[in-house]
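J.: Per TrEMBL, domain 'PDZ' is recorded for 11-91, 119-201. Annotation comment: TrEMBL describes 217-249 as region 'Disordered'. The compositional bias 'Polar residues' annotation in TrEMBL covers 219-249.
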Amino acid sequence: MMLPDDIRPRLCHVARDKSGFGFSVSCPEGTKGTFQLSVLQDGPADRAGVPPGSWLLELNGDSVKSYSHTQLSKKVPQSGNKVTLLVASSAVEEFYRLRGLRVTAALADTSWLPFKVRELHLVKGPAGYGFLISPSLCPALAGQFLWDVDVGLPAEQAGMKEGDRVLAVNGESIEGLDHEQTVHRIRAHEDQVTLLVIDPAGDEFFHSVGLGSCGPSPSGHSTAQHGPCTRSSCVSMPGSQHDTPRDSSLLTEAGSKLLSSTVAAPRTLKTDLCLCLPSYLQGFLRTLH
């Protein structure tokens with residue numbers, strides 16, 4: 001089960017304006033890693049959901065536990081025009097400390113982030129669904145991505161965008177499934193499917209703060225084995241040998257019953273997916289409308 005918001009840390013994405021980021025940091029003299037935030041009312045940090053008086057735990061996906069005040073003061077400007085903060089109230093910190101738990105971004109309330117997942121319900125038309133699905137070209141960036149969305153067909157009408165990453169099919173996570181298994185799950189019903197997806201910007205963001213399969217490992221190095229791994233360099237585009245052809249059974253063949261599944265995602269999708277999605281995606285479920 002997902003933790004209530006009042007006992008979860010919060011992940012906030014702050015965009016600088018003319019006044020700056022809208023927060024300042026204080027630290028007890030001579031200590032490291034203990035940073036409390038003062039937040040300018042109606043400033044960028046306030047609008048991004050940073051609670052006044054909260055404690056800073058991570059900056060752009062990196063723990064600040066070993067930082068001095070001077071080091072942190074240099075890191076923030078190096079972030080450019082946007083910075084991602086993992087913060088927690090005193091009550092949240094105490095809750096985890098008393099239970100011997102480490103507060104991480106994987107546990108965070110992400111409802112304040114500008115990046116949302118989308119639930120798409122597609123009903124197949126005479127010409128099929130109207131999209132291609134393709135795996136990543138990079139072993140370190142596992143996943144299935146959507147391309148070649150036809151104008152006017154069910155996929156576009158449902159809100160699908162090229163480059164979307166598929167997170168779940170018919171209420172079940174596809175984590176760990178290969179391309180063929182994912183296609184079979186989509187084909188489980190002859191005329192409709194429900195997909196949970198995230199757009200490229202959101203996908204890139206979560207990788208950039210170390211919460212995706214291309215994020216930094218605990219040692220701080222990329223998990224890619226063959227040089228830097230970025231979404232743009234790893235996601236296969238239409239024309240890849242791994243693409244599912246548009247006139248294949250995924251798009252046009254009716255009557256396939258390869259797998260049994262629900263026709264549409266269950267009403268309890270938000271809760272049920274908490275048990276099957278990667279931890280860094282669980283918070284997204286609160287953003288579905």
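In case you wondered, yes, glycine gets a Cβ from its N, Cα and C as well.
TrEMBL annotations: computationally assigned, not manually curated.
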J.: Write out how many residues of the domain 'PDZ' (119-201) are helix, how many strand and how many coil, based on DSSP.
T.: 14 helix, 30 strand, 39 coil
J.: Mean pLDDT over the domain 'PDZ' (119-201): what is the value?
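T.: Averaged over the domain 'PDZ' (119-201), per-residue pLDDT gives 92.
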